[in-house]
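Okay, so TrEMBL annotates it like this:
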TRANSMEM  88-121  transmembrane segment
TRANSMEM  164-185  transmembrane segment
TRANSMEM  192-210  transmembrane segment
TRANSMEM  246-265  transmembrane segment
TRANSMEM  277-296  transmembrane segment
TRANSMEM  308-327  transmembrane segment
TRANSMEM  339-358  transmembrane segment
TRANSMEM  378-405  transmembrane segment
Amino acid sequence: MVAEAEGSGIGSSGRIQKKVLGIGYWVQGVRCFPWMGVNFFLKDAMGVDPSTLQLLLNSANLPMVAKPLYGVLSDAVYISGQHRIPYIAFGAFLQALSWLAIAILSQSSISISTITLYLLLSNLGASIAEVANDAIVAEAGKQQPTSSKISQPSPASSGELQSFVWMASSVGGVLGNLLGGLIIHRVSPQKMFLLFGLLVSLQFCLTIMVRESSLNLPKRASDIGVRKQLSKLRVSLKEPAIAQSITWFAASYAVIPTLTGTMFFYQTEHLKIDSSVLGISKVFGQAGMLLWSLVYNHWLKRVASRKVIVGIQGVMALFMVSDVLFVKGVYRSMGLPDWMYVVIFSGLLEVLFFFKILPFSVVMARLCPAGCEGSLMALVMSAIALAMIVSGYLGVAFAACVGVTTANNFSGFPKALLIQAACTLAPLYWSSCIPNDDDHEISTRTKSE
């Protein structure tokens, strides 16, 4: 009878966990909806050029770099006896405030500096919420699925929750991109900002109704303090497996000069691709992410994570070489319409950058010492965000070197894409930095700190 009661309690908390995380990651996926409006608002209403667009969008991601701070606060500072739910609610509040402000102010006139400020505030809120959600996933992934004597969760069980939240985010991305692509020229960007602002307001209201005790997260002292939490984080980073993995993963993004702004202008201004096609392309990509989560959960979570990550990196390079052929018109001469290539290949390449986060998050969840889930996972996501910002800035400088900084000069674009593919392959030479799945022992000192 006791076992049945315990099993019932675990099952109930598991359902509440999935509801909280499902909503959180779904909204995170839907964020692409207002950001599609931002792209067209900046290009059409504010008349920015490709380089300015890419600089602004990458700069708006700067709050993501401070994720370790949010993680440490989430781990160490409790609010009314809770250290995850209040941060998710506060993050939703900041996002609602910023998007509603942009929707109202952009109805008349808004400067680039003002919209940048509110986009920064939005990403600050998103970062705080994501850190808390990621910490719940890491903590729950280390929980025993039953009261059995198994000392470690198996790789299969540890990847189940990661796959679930990945699917929730992908479903949100499919919906956000589909709606965005269909209504971008039928509804003003301001209304898109308003709709998302109302959605995050609803998330805030739903979140504050949940008590963290119902999530059945590991119990620990609530007075640990920020200084001690930072000390625990430093100790965990002394583990070679953790430090080398994070360094390699961040570098695998940073060395790639991103050319998304240039490609956006090439497709919309040079090829005159309709915005609905771009929306469908993003939907196709998000559907690919959803399929990827299913494939990984059913077949690949038992495959060595290093092999999966390396394989994805190689496929990314192949897609970039394919982009070279696309820009040169090779596929067009073979009878493949530009819009079809954009839908299929461009959509998949955009999300391929994120495919390897899923197996890497499983690796980090296993390496992460108990009590450090929020701060370490936040550090991982911060390193990725910083690497992507560096990649974006590098792309702007690189585009200037090859002469593709304006909306009507793309002569050097194929060469830039080819070099981008070569840079993508470079990290494969140091892929041994990623530990094998059976080589993730954390020192007794780290676990006990």
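Using N, Cα and C of the backbone, Cβ positions are placed for all residues, glycine too.
What TrEMBL says about a protein is an automatic prediction, not a curated fact.
The model shown is predicted, which means the values in this text are computed figures rather than measured ones.
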Which sequence positions outside the transmembrane segment (88-121), separated from its termini by at least 6 residues, show Cβ-Cβ distances below 8 Å to it?
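Beyond its ends, the transmembrane segment (88-121) has Cβ neighbours at 20, 24, 27, 34, 38, 41-42, 45-46, 48, 56, 59-60, 62-63, 127-130, 132-133, 189-191, 193-194, 196-198, 200-201, 203-204, 207-208.
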So, do the transmembrane segment (339-358) and the transmembrane segment (192-210) meet, by the test of 3 or more Cβ pairs under 8 Å (sequence gap 6 or more)?
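In this chain the transmembrane segment (339-358) does not contact the transmembrane segment (192-210) - fewer than 3 Cβ pairs sit under 8 Å.
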Take the C-beta pairs under 8 A between the transmembrane segment (164-185) and each of 192-210, 246-265, 277-296, 378-405. Which stretch has the highest count?
277-296
In the same chain, which residue numbers or ranges, 6 or more beyond the ends of the transmembrane segment (246-265), come under 8 angstroms Cβ to Cβ?
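Residues packing against the transmembrane segment (246-265) from afar: 39, 43, 49-51, 53-54, 57-58, 237, 309, 313, 323, 346, 350, 353, 356, 360, 364, 379-380, 383-384, 386-388, 390-392, 394-399, 404, 407, 410, 413, 416-417, 419-420, 423-424, 426-427, 430-431, 433-434.
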